[in-house]
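Novice: Pulled from Swiss-Prot, these are the listed features:
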DOMAIN    89-216  domain 'TBDR plug'
DOMAIN    224-1077  domain 'TBDR beta-barrel'
REGION    25-72  region 'Disordered'
REPEAT    26-29  repeat '1'
REPEAT    30-33  repeat '2'
REPEAT    34-37  repeat '3'
REPEAT    38-41  repeat '4'
REPEAT    42-45  repeat '5'
REPEAT    46-49  repeat '6'
REPEAT    50-53  repeat '7'
REPEAT    54-57  repeat '8'
REPEAT    58-61  repeat '9'
REPEAT    62-65  repeat '10'
REPEAT    66-69  repeat '11'
MOTIF     78-85  motif 'TonB box'
MOTIF     1060-1077  motif 'TonB C-terminal box'
SIGNAL    1-24  signal peptide
Amino acid sequence: MTNFRLNVLAYSVMLGLTASVAYAEPTNQPTNQPTNQPTNQPTNQPTNQPTNQPTNQPTNQPTNQPTNQNSNASEQLEQINVSGSTENTDTKAPPKIAETVKTAKKLEKEQAQDVKDLVRYETGITVVEAGRFGNSGFAVRGVEENRVAVQIDGLHQAETISSQGFKELFEGYGNFNNTRNSAEIETLKQVTIRKGADSLKSGSGALGGSVSLDTKDARDYLLNKNYYASYKRGYNTADNQNLNTLTLGGRYKYFDAIAVLTSRKGHELENFGYKNYNDKIQGKTREKADPYRRTQDSALLKIGFQPTENHRFSVVADLYKQTSKGHDFSYTLKPNTQYMTYDEKELRHTNDKVERKNIAFVYENFTETPFWDTLKITYSHQKITTSARTDDYCDGNDKCALAGNPLGMKYNQDNQLVGKDGKSAKYQDINKTQVIKERLPFTKPNGRWRFHKVDWDALKKKYPGVPIYASCLEEDNDPSEFCTYEVKTTKKENTFEINGKRYDLLSEADKNVISDEQRLPTNVSYLFSCDGLNCDKKTILGFKKRRNLLKIFLFEVIEKRCQKYGKTKVKANDQLSGPYLFMPNKKGYQANLWSQRDLTSETKQINLDLTKHLELGKTQHDLSYGGLWSEMEKSMTNLAGDTPLNVKWWAQYPHNCATFLPPSTMTPNAKPTLNPERTSTLCNNVNVFSFLIPVKTKTGALYFINDFRVNNYVAFNLGYRYDRVKYEPEYIPGKTPKIPDDMVTNLYIKTPEFDASKADSDPDELSKKEANAAANIKEIAQPKKFSASSYSFGTTLDPLNWLRLQAKYSKGFRAPTSDEIYFTFKHPDFSIQPNRDLQPETAKTKELSLTVHNDMGYITTSVFDTRYQNFIDLSYQGRRDVHGHSKLIPFHFYQNVNRPNAKVTGFEIASQISLGNITKLFNGFSLSYKYTYQKGRINGNIPMNAIQPRTAVYGVSYVHPDDKYGLDLYISHASAKNAEDTYNMFYKEEGKTDSTIKWRSKSYTTIDLLGYIKPIKNLTLRAGVYNLTNRKYITWDSARSIRPFGTSNMINQDTGLGINRFYAPERNYRMSVQFEF
């Protein structure tokens, strides 16, 4: 039914266009038809305008030219004004093949607030969902994340650690913020979305497409005045987000500047039914979205200096910081506390951050020379850090386990244990003897002696385990008919009395109050803070094991880290026979197990971009050429530790936190011994390590593009780019964060040999192990070079005034990331070995489009075919023995390899119709329609999960002739994701025979209504209703973010409990108010 509706609309629009051409008033040259004018004339003529200009090419539009500048420069100024502060594309003009341009005005009209909103009303491109970390790049034509290039002002943004082995080992556990960074929408002047191979513009990574983000410039606002000011205040109910953005621009003589300051504060995105779900449920079956507090702060600063009309200097600072703090209630690992119940339990706290800083210096030259018309040199220094901080602790203070003191235990001035009432505590551990007289009747009258007449077996059954000796207290001549026997029983009494109440320490019920862990044997020494003891007395009163008597323990006072401690002396030879000390609980603090994982990408880049217009005979040529050089350092730093919180007076401090203790002086040739206290939480241990070898990437590139028109009917686009990439690992032992030894030992180099069983306790064996690890890392970390050629060939044919044919053939590539080459891990169940022989991935796109257009609008249909080669994927390499490990445990090895091929095909429809051209009654009204269908397979039969199901977006828009108000209605439809188009790569490990994904998205339709009004010149009010019909639905990107294993983004795969957490929000609203001067 959906396809039928789509086809009816498509053909109806096409017939309407054709009819409007046939019955239009005759004219020799419609305003948007080919003319004999040069190709650099007004932009609404259907020329083959450059489709692959680099995003950082010169913008030869100075704003502070002297008043006597020539008319050509004035035209250029007018053009830049159009591209910045208003729409830069004629919505009636036919689009370029596989390209969508969105201006700041378009984004404002769509009320976009993040990158997901950039593509909300687009088809064929979506945003990758990453659970608690938000979004991670885009998915286009079957590929995603690093295979879709993302640039901001010509700079590549941070890539994820794309090694599939790394993802399987770490990504499912919520410890790494392994996502691609985003951008602040309010700072963007223009967004260009290109589908298909696109390395000509973006270099490595543009296999499925690219998204180029260009930031605002003062010249966008200061054409007809010397200042600009704007303030916007907004609110979104879906995530309770508050928006504040201030834009200031000004010009004085030769200087101009702009500042865009934006702040967003909100919470988690509220899923459908958010207010109805139980907030207390923890684990993977939780249906309510996990709570987070999110902030995003951005500052874009640009200062320009233009002393003459041909020379311009600029300084740029683009600062962006995004934070998210909250709780992972859906985290699947929870502690199990035996016998004890507490008001508060351990909880995972999250603190994630993405920070980007870019400082750039730009020089632009507008002097026309034989070699260029414009020249632009840009130096950029960008640093991007993605961080994930997790803290696992109980934040209920004294309500938490091991921190409470419900009995109010403390030591008084005499160092005697007392309770809340101030009275001394009492302890008793004795065996209490009891004598019971049993009167046993004669049951055997024929017995010779008195004790022969008694059934002693019955008495033994009554007192099992008690010795019974056949004898009677009465004499044999006693006339009585019974036998009296004294049974001696022993009952163990183990009690603790405090606050006037006695607790039975043998009772399971009382273990909730007094547990075995609260009794400290004195066969070892303890170190207590003098905050809880009277250290001036230097004695402490404890309890003997079997009698309710006090025992004096001597201790010495020592001072460490400016704090005094009392160190008790050993008072017993073994744990069972010695006396006891009682404490409120064992630890006396809350342990915070924390980790912070930072991924850093730091780039230094120089761009040289030139343009030149040539007329050769009757042909018009627009040349773009130049190059770049960049140096990018990518590294990982992992910090992990164990920190005490809410430390109490009874906490047992370690005597020594060193890893090894000095050798004994009593034993000849003794070696240092491993310190058992080295792992104590009170040592505040911090480990610094990394799973990745730091790598410096050097990239050089040259490109040349020629857009030329042969005549009014034929135009071509030719481009070529050469990239050279070199990886230089920079692992320096002792300085670089350490790679864990066990990940690499004996992988390639077998010497020096060491005894793995003694390496953790013997310093000599540990040194050998570290030397072995260093040798293997050196063997792995060898430089690697890649080179790649990218090209594009396009043609545009305009055989008729209303018909356009476009064809494009392009090639893109993606060099293997450093982690795909060098990542190493060693474990019997899952070992990964590096692969220095990986080849670049390549993509070749063939696309053909047909466009019918006139003044009324256009409808474009296109078909495409993209072939991917050398796809990098994880492959099982088999089992083998590893030197230094038991041969009984073979290691399972995996490795990144190049897969042969993948293929994606599909077709798209895009249309934009202005109804005012049909009748004046519909002036201001327009219709739009977009549709995408695509299908893809890897190696011929494996579905590509990144492909979206069929999607369509219908649009109805109205804009007042004087732009005083406007309305937009969007109807978005997505078909169900079919099972045969999904692939679960873990189905064999899960013991399944079906390789499809069980939980998928169903068909859904949503309606959004957006509008704005300008009651006065300087004021704009905007509002929007999203999911107007309150439809419950889940997108395919959200559904496929559910992980089959791990601790994060999990649901119950059998019942589906927890999947509601991934559903889109209910009906929600956005509103904003903006003042402009």
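Here the Cβ of each residue, glycine as well, is placed from N, Cα and C on the backbone.
Since this is a predicted model, take the numbers as computed values, not measurements.
Help me picture where these features are in the structure shown.
Specialist: With DSSP classes pooled into helix, strand and coil, the tally for the domain 'TBDR plug' (89-216) is 33 helix, 40 strand, 55 coil.
The average per-residue pLDDT of the prediction over the repeat '4' (38-41) is 40, rounded to a whole number.
Residues of the same chain lying 6 or more positions beyond the ends of the motif 'TonB C-terminal box' (1060-1077) and with a Cβ under 8 Å from any Cβ of it are 111, 113, 227-238, 243, 269-274, 277, 286-290, 330, 1018-1030, 1032-1035, 1038-1039, 1041-1042, 1051.
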Novice: Going by DSSP assignments with H, G and I as helix and E and B as strand, what are the residue counts for the motif 'TonB C-terminal box' (1060-1077)?
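Specialist: Secondary-structure composition of the motif 'TonB C-terminal box' (1060-1077): 3 helix, 9 strand, 6 coil.
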